[in-house]
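Chemist: The structure follows.
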């Protein structure tokens, strides 16, 4: 738990310590290089909008939670997927567990996590890892199993060792499928981080939870909320001042 907390705090300090304009430009450039000009422009506009509504700090906390969960999902899921792809007997045993993990409602995970770890950001990362782990395991297995048998036989005929076959033949050919698994894991992690606000996980989920609790969908706008609070507090004093003048 302490190591997870250390990694999570490192991501949070990095993202919150970076000036918002620098972070916006950096994320937009990354999106442009990865997915093209259109995605870069969309990322730029979205990040500017997040800063304009006063949700930048909460968004960075959510991003730190998602990145931490994604890191552990890749570290756990990729080796497990490789092992299960090479061991059909173990895959038969683990597959029902993965099915149960994917069909269980997200809220069900919160109860045992709170009982075991309490509340806060670190238990939120734990429940997010558990919820988002199955896709990367499944798609790693699928990608390795879809490598053509003739290519495997050709590598064996050239004297490739099992390690060379894995890293030079199977993983490169399976990489598109594995990246699809990473994409699915990322989306599940983002959804679970918001749901985990019910166990005191910070970030955008807390803003959503406060808005639902107050029946005010605009409660997440910090600037709007401060303006409304100032009007609420100034109202009685203005009325009293008018009464005294009368």
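Here the Cβ of each residue, glycine as well, is placed from N, Cα and C on the backbone.
Pulled these features from TrEMBL for this protein:
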- 224-234: compositional bias 'Basic residues' (COMPBIAS)
- 59-246: domain 'ABC transmembrane type-1' (DOMAIN)
- 224-246: region 'Disordered' (REGION)
- 14-32: transmembrane segment (TRANSMEM)
- 39-57: transmembrane segment (TRANSMEM)
- 63-85: transmembrane segment (TRANSMEM)
- 106-133: transmembrane segment (TRANSMEM)
- 186-209: transmembrane segment (TRANSMEM)
Chemist: Given the transmembrane segment (14-32), which of the listed stretches 39-57, 106-133, 186-209 has the most Cβ pairs that are under 8 Å apart from it?
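Modeler: Comparing 39-57, 106-133, 186-209: 39-57 has the most Cβ pairs near the transmembrane segment (14-32).
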Chemist: Would you kindly list the residues that approach the transmembrane segment (186-209) from elsewhere in its chain, counting only those six or more residues past its ends and only Cβ-Cβ distances under 8 Å?
Modeler: 55, 58-59, 61-62, 65-66, 69-70, 73, 106-107, 109-110, 113-114, 119-121, 123-124, 127-129, 131-132, 135, 219-220
